[in-house]
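All remarks here apply to the structure that follows.
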Amino acid sequence: MNGILPNGLRPDEASPEWLNKGDNGWELTAATMVGLQSVPGLVILYGSMVKKKWAVNSAFMALYAFASVLICWVMWAYQMSFGSGGISILGKPDQSTSELYLLGRYNNNTNTDTNNNNNDYYYIPTADYVFYQFAFAAITVILLAGSLLGRMNFYAWMMFVPMWVTASYTVGAYTIWGNGFLRKYEIIDYAGGYVIHLSSGVAGFTAAYWVGPRHRHDRQHFPPNNIINMLGGAGFLWMGWTGFNGGSPLAANGITSLAVLNTHVCTATSLLVWLSLDMVVYLKSSVIGAVQGMITGLVCITPGAGIVDTWAAVLMGILSGSIPWYTMMVLHKKSAFFQEVDDTLGVFHTHAVAGLLGGLLSGLFAKPNLLAMFYQTSTHRPGFLYGIFNGDFINGLRQMGYQVLGALFITVWNVVVTSLICILISRVIQLRMDEDDLEIGDDAAHGEEAYALWGDGVRDPPPLRFRMTPRIPSFCRRPGVNH
């Protein structure tokens, strides 16, 4: 057989017979696209969407998180999320760095169909999946950071990232996608509506409560410093979502193609609906509003991208462009609860609300034959709508109940664990920067500024009061101590 194959397709030591080079190439491309959503996507988006004095700090929070999560991921967090030998909510910590493990054939090992004929195995190396899931974990923490921009002590953020990935993200991934206790309920979460977006929105809002608000002037007036760059970052996010949802089947197959198309259809619909509501209510076509509508569309379709029809993706886009718009633009302004917590970029609305909406709509619109193709099982319950049509009302209703159960667990876990992490860090270091530093911004946090507004980057000397008065750096100060 090898004699009739092109040289590039013949098995060899680096390309065993089980390896599909097409699937392998696509999965590495998809993982890279997800990584590009964070670096440079969210680095540019955050650095441009905030006030000028916070551009460096906001972008750097994203860059640091990306690097920090990768080390945690390969040293212990991947096995806690997708390994075995742990407890009902968490896998056993272990490293994922050995050649034997990473170059072996990836085995999902979560299929509950006893007649699947070994369909747990995919045609890619395990290294592909480790890298792909790392990109998911990294963007989750970076999305969470959107709630904290413009005031969090960077040194507290350095502690927060590995602690949250270890204690919160791994639990969500293990229970929904791995071998955790929710596995038996077969909760539909195609690419992370619950694991990534609901968790980041809830955790970000919770952390924002504990960190405290921005400086009062920043909270009242926080214009983006570069809208054109902001659109560039948003473009990386949108196009990168091709890999986000297209990589979940772990193969270059039909479900991949459908997921990619549904992703962009839902996103475009959501953007147009959000924009239309802005124009009708505020008589202005807001660019920032369009970006928010784009994000909610991307988030909403994520838990169902490959397992719903395209007409359902359009309906999901209409709802994701209107319901989060209402919670952000109307309910947020009327609610004392929302006003009390300073969620800088509205991550709760764009990710928690849209992620929950997408998870519930996926339970409503999930199509049986698409579920069978994606999950490679014949036992998965249909979406509620198809359950009614197919005379399987009870299973469809049960699936909706399990979607609610998954959302409740992710929400409660993130509120509790994020609170405990913030309280623990606050006992060691200040969560929020000092008021004096908040007035200055990037220069106080990093000694650097985003834009040089005078000759060749030469900066004027600092004001006399800052040159003559020695100050203890904020990261050295203990909470409650008068320095």
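Residue numbering: from 1, along the chain as shown.
Quick reminder: no glycine exception, Cβ is built from N, Cα and C everywhere.
Predicted automatically and left uncurated, TrEMBL annotations should be read as such.
Features of the protein shown, as given by TrEMBL:
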- 28-47: transmembrane segment (TRANSMEM)
- 28-451: domain 'Ammonium transporter AmtB-like' (DOMAIN)
- 59-78: transmembrane segment (TRANSMEM)
- 129-149: transmembrane segment (TRANSMEM)
- 154-174: transmembrane segment (TRANSMEM)
- 194-212: transmembrane segment (TRANSMEM)
- 224-244: transmembrane segment (TRANSMEM)
- 250-275: transmembrane segment (TRANSMEM)
- 287-305: transmembrane segment (TRANSMEM)
- 311-332: transmembrane segment (TRANSMEM)
- 344-366: transmembrane segment (TRANSMEM)
- 402-425: transmembrane segment (TRANSMEM)
Legend entry - Local confidence of the prediction over the domain 'Ammonium transporter AmtB-like' (28-451), expressed as mean pLDDT: 93
Legend entry - Long-range Cβ neighbours of the transmembrane segment (59-78) (under 8 Å; 6 or more residues past either end): 35, 38-39, 42-44, 46-47, 93-97, 130, 133-134, 137-138, 141-142, 145, 148-149, 152, 154, 157-158, 161-162, 165-166, 169-170, 446
Inset, instruction - Examine the transmembrane segment (224-244) against the transmembrane segment (194-212) and state whether at least 3 Cβ pairs sit under 8 A, considering only residue pairs 6 or more apart. - result: no
Legend entry - Maximum Cβ pairs under 8 Å to the transmembrane segment (194-212) - stretch from the list 154-174, 287-305, 402-425: 402-425
Legend entry - Long-range Cβ neighbours of the transmembrane segment (154-174) (under 8 Å; 6 or more residues past either end): 57, 60-61, 64-65, 68-69, 72-73, 76-77, 80-82, 86, 89-91, 133, 137, 140-141, 144-145, 148, 180, 194-195, 199, 203, 207, 211, 410, 413-414, 417-418, 420-422, 424-426, 428-431, 445-446, 474-475
Legend entry - Region pair the transmembrane segment (344-366) / the transmembrane segment (129-149), three or more CB pairs under 8 Å: yes
Inset, instruction - For the transmembrane segment (402-425), could you work out the same-chain residues 6 or more beyond its ends whose Cβ comes under 8 Å from its Cβ atoms? - result: 156, 159-160, 163-164, 167-168, 171-172, 175-176, 182, 185-189, 194-195, 198-199, 202-203, 206-207, 210-211, 356, 359-360, 362-363, 431
